[in-house]
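**Student:** Taken from TrEMBL, the feature signal peptide applies to 1-23. For 412, 464, 473, the entry in TrEMBL reads active site. Residues annotated as region 'Disordered' in TrEMBL: 514-535. Residues annotated as compositional bias 'Pro residues' in TrEMBL: 515-529. As annotated by TrEMBL, domain 'Carbohydrate binding' applies to 533-613.
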């Protein structure tokens, strides 16, 4: 009887293990938690819908001594400094996740939260860029901040603001911020066209500032050198910014910039084994490869092919199929360095994920020096890294706080490790925080849900100790690229056509599907519910003036319903010239002054002129009566 009982128990245990293997990780839960982490990193006035309840307002006088409002933004990691370079990279990669996988984020109820996270950063960048050639790049300094262990709500450290200008340039920081603003303009293009246009205006100005007044930002903001030194210089950020501005505008100027400067600035020369807040080359090469696969290389095709070769060498190195491969721990995790290695894991996994989908869309494999790799193998690699992070590793430890049962409890993070200001407002002194809270051996009083810590060493070892900052400190740029990977993995093996021009969905979209415009693949509305309004565009003329080509576009809007169209609002973005035949109303357009409505079956036409591809035209509101 005893042996039968033992066998029964073993069967139950084996069935449980089989079920665990089948079910795998809960990527949806991990996605929700990873986005929530950004709310714990907020600086400034917290909004009413703040979900991390143990945090409160902080940094409310940032910038005041410099005569500028710099309230808001993000603390980068476990300290209370606002470092511009990693913050901008965080926003850029969050935006890239939304642009590629916004539909998956939306279907899992997280798109609104992700967009809120982006806007918390871009609202701050708008404040930090008060003039075309001025950018505030840091608030606070690491030396005084690290001397103290205090909650952000009551910090007593120096909150001096540090800026870039013509005499103190910083092409890397200005370039990365331009990239963030350009990428964010794509994210907000449909949900908030006017905000999108504002972001794009800042992106143009920041890129011009970065390109015209060249220099490394940490030569101007020297207090950043010990914490976020720009080792790679600024050429990668200039190419990165140009790539994102091309994605946002389709303006040939930025395509030419990538083509003409690819060789001299290292875009076609550097074969990378990392991608992160300092080194952007692998990201640039991946974006340019996408442009090439979309058939947009034009006169720069040969140069763009060299970008793509470097992008593919990076992908091959991830799977050990290159002549120079990325190192891994015995448990299979990418390993670059002992201090916050996880940042390189998530960023590389994101590039592998999007490139896998680019390859699937172009229906080809990855050609490596040591053999070919299918798109699914590349995605499987990203999945293996995420699964390791979530607990499939030699220590069976989840490196995402709050996910699973065995996760870090003593995170190197000031706000998390000290009792919440909302619970106990007794002042924590600068050095007293170290004595009372930092040295505590117990679990953090506030769970830093979703935070991705630095992770294990080269041999998969990890010590969950608050003073072990190399392994237990989280960072915003660890989480940002992970959003896209998790959103993609939730969808399993479902294929995506990532090469089509993508526009991020709105959190609660009103779906009105216009007819196709030139150079875009048409999207057919469902047969059961045809759109009552169609939009078509065509180029009717072109000419050259002072070396620049101008195009005249005619846009026709047709009422295909059986009722009269009234209260029309048209959103037009990526418009860079004059327009006739519509009336501008606030941030949108409506009927011309001689029309109040459009009868059933009738059309209206308007024209515009600019030196770019067709503008994005969509109907944002209307009524049928």
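The count begins at 1 with the first shown residue.
Any Cβ shown, glycine's included, is placed from N, Cα and C.
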**Student:** Mind checking which of 464, 473 has the fewest other CB atoms within 10 A of its CB? They're the active-site residues.
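**Tutor:** If we count Cβ atoms within 10 Å for the active-site residues 464, 473, the smallest count is at 464.
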**Student:** To see if you understand the setup: which same-chain residues, six or more apart in sequence, place their Cβ under 8 Å from that of residue 412 (active site)?
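**Tutor:** Those within reach of residue 412 (active site), by Cβ under 8 Å and sequence separation of 6 or more, are 78, 453, 466, 467, 468, 469, 472, 473, 474.
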**Student:** In the domain 'Carbohydrate binding' (533-613), how many residues does DSSP assign to helix, to strand and to coil?
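**Tutor:** The composition, in the requested order, is 0 helix, 51 strand, 30 coil.
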**Student:** Limited to the domain 'Carbohydrate binding' (533-613), I'd like the whole-number average of pLDDT.
**Tutor:** 85
